[in-house]
Structure formats: structure tokens, C-alpha cells
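Undergrad: Here Swiss-Prot flags His17, His19, His197, Asp278 as Zn(2+) binding site. Among the features that Swiss-Prot reports, substrate binding site is placed at Asp279. Swiss-Prot lists His223 with the feature site 'Important for catalytic activity'.
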Amino acid sequence: MTDIERFIEKLPKAELHLHLEGTLEAELKLKLSHRNKIPLKQSSIEEIKESYNFHDLASFLEVYYEGVELLLHEQDFYDLCYQYLRKAASQNVVYAEMFFDPQLHTRRGISFETVIKGLIRARDDAMRDFHIYSQLIMCFIREMSFENAEETLNASLPYKSEIIGIGLDSNEENNPPIKFLKVFQRARQLGYRLTCHCDLHQKNTTTHIRQALEDIGVERIDHGINILDDPELIKLALERNIPFTVCPFSNEIVYPGKAQPEIRIMLDTGLKVTINSDDPAYMHCFYITENFNLAQKGASLTKKELVQICRNSFEAAWISEEKRNHYLEALNSFASAYD
């Protein structure tokens, strides 16, 4: 391990872009298949790992949704969330905001209550066991209707105190953010924080970024590297101090060899970049430390810049000022020890 890799490993981190359904590693997938008596096309962990290959967003979602079918019971959601938080804590993640997609489950007849109770229990147990604080962000699925998103928002209300924000994810094609404008407006009125995926090199991505910022008024952009294609959008993001939850390895899959240098351009432009792992189980188990290492090499990040990226994450987190100051003080103490 190099000095910079050791530095990255020990950095106190926050993760703001992580899909819980995207943390279904091969071992747990096989376990759930046996537990729930749902046969897989694969018969071994090695074969499952081999199946985690894709070349674009559509082929990724096909594999992703296959894994979702195995999640049936509260304990399944508990195991999924607890496993991620244990792994994150081992990589010095002290705070995490975790996306979950209830529509992927309710459309299969799984109740919202089953999903959320498993996640809440895992969140609380992980805090007790690993001292990692985490919160949940509920995402709407772009391919599904506005009406279904509205129903999902209504279903979330009994658990509003357990959900910090609302996001939008999945396939962008023909599913712009503006499609969900009214449900986002209502979510804001209810007190939810707002974010939105604007994925790398998808059709009309810069239009989607503009809609997310100007029409919906999100507080963060998930991915969002294509903002570099529009100087006016860059100006708007800088004026509003919009954080970008960038995911180096998933970007590398979509845009090989070029995604990491664009992180360098974003930083040099003054944009508020954070580094995250997205769907690590489906991306060669590149969790946050591996994503930091990839970005560091590809964007030639210094230790000072790595600390600033971590600082960006804590500043962008949807937490109390008391917690934010606590995390920033710990980060500053860590950085000072390396000066």
C-alpha cells in the first residue's frame, strides 16, 4: 500500500450517493436465493460475480433488477443494509446517506412497511455496533408514472421522521426531472430535502441538470459531470454552491479513461465535488475507498484536495450543524496530523 492509499484509507469520510439495492453482493444474493426459494440462473458465487457485467445503463439495470427480486422480507432488507454499513464503517465512513427505491418492491407486492422497517432496524443496529450514523433518502423511479411517485410519497408519510430526503434515479431516457415536478414540490412542502440523478452522458443530461436546478430547485446533483458542457449551468451551480455526488468507478464504466480527468476539471472550476460508490456490489466491489483511489490516480489529487473533497461531503450532508461541526473537527484533526 502506498502512502497516499494509506492516507485515503484512514480519511474520515461521508458517503452521499449509495444505492442500498446496489450493495447486493454475490454471497448475500446466493443466501437470499436459498432462503426465499427463488432459483437463480447462476449456481455459485463465482458465476454470480461473472454475471455482474454490463456495458451501459440499460444493461446494468437489467442485472440490478434481477437482484431486487430476491428481496422479500423485512430480514432481507435488514441484511442488505447492515452488510453495507458494516463495510462502510470498515472504510472509515462515519456518516452515510443511503438511497432506497421502494417502488421496486411495492410493485412486486412488498409493503412499504416491510422495506422501511428492515432498513431502520439495520441502521440503528449499525450505529450501535460500528458507530456509523446514517440516514435514508427515498428515490422515485423515473420509468414509473408521476401518479405512482405520488402514491409512494404518501406511503412514506408515516415514516417521515426516518427519511431525510427524496431523490430521482433509474433510466433517464424520456424521463426528465420535470415529469415529477409537482411531486417534488409537495415533498419540499412536507419538509423533505431534494436531490436528483443526472447521469453521465445520457441523452439530454444538461437539460435535465437545468430542470433539476431551475425548475425543481434541488439542493444536490447526483453524478452531474456533464455540467462541464454548459458554462451557464456551471455559473448557476457555483452561485448556489451545489454539491455533486460523483461516483468515479460507475463513471469509468460509462466513459472509460475520461471520467477521472473530468473530476479534475470540476475541482479546478470550483465545483463542489464529493466522491461516492453508487452501486458497489455490481462494480467489482469498489466501495468508497476504492473510488477515492481511482479518482486520486485519474485526477492526480493531492492530499489537500482529498481532504477538501471529504470536507465537501460533510458540508453537503443533510445533518445538524452540531454533527457537521463534529465531523469537520475530526477531519481537520486528521489532516493536521499529516501536515
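Glycine too: its Cβ is placed from the backbone N, Cα and C atoms.
How buried are the listed features, and what sits near them?
TA: The DSSP secondary structure for His19 (Zn(2+) binding site) is strand. Within the same chain, the residues at least 6 positions away from His19 (Zn(2+) binding site) whose Cβ sits under 8 Å from its Cβ are Met98, Phe99, Phe100, Asp101, Cys139, Asp169, Asp278, Asp279, listed in sequence order.
Counting Cβ atoms from all protein chains shown, Asp279 (substrate binding site) has 24 others lying within 10 Å of its own Cβ.
Less than 8 angstroms from the CB of His223 (site 'Important for catalytic activity') sit His17, His197, Cys198, Asp199, Leu200, Phe244, Thr245, Val246, Cys247, Ser250, Asn251, each of them six or more residues away in the same chain.
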Undergrad: What three-state secondary structure does DSSP assign to Asp279 (substrate binding site)?
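TA: For Asp279 (substrate binding site) - judged by DSSP and reduced to three states - the answer is coil.
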Undergrad: Quick one: of His17, His197, which of the binding-site residues has the smallest count of other CB atoms within 10 A?
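TA: If we count Cβ atoms within 10 Å for the binding-site residues His17, His197, the smallest count is at His197.
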Undergrad: Starting from the Cβ centroid of His17, His19, His197, Asp278, the recorded Zn(2+) site, name every other residue in that chain with its Cβ within 8 Å, sequence order please.
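TA: What remains near the Cβ centre is Leu18, Gly22, Phe99, Asp169, Asp222, His223, Thr245, Cys247, Ser250, Asn276, Asp279.
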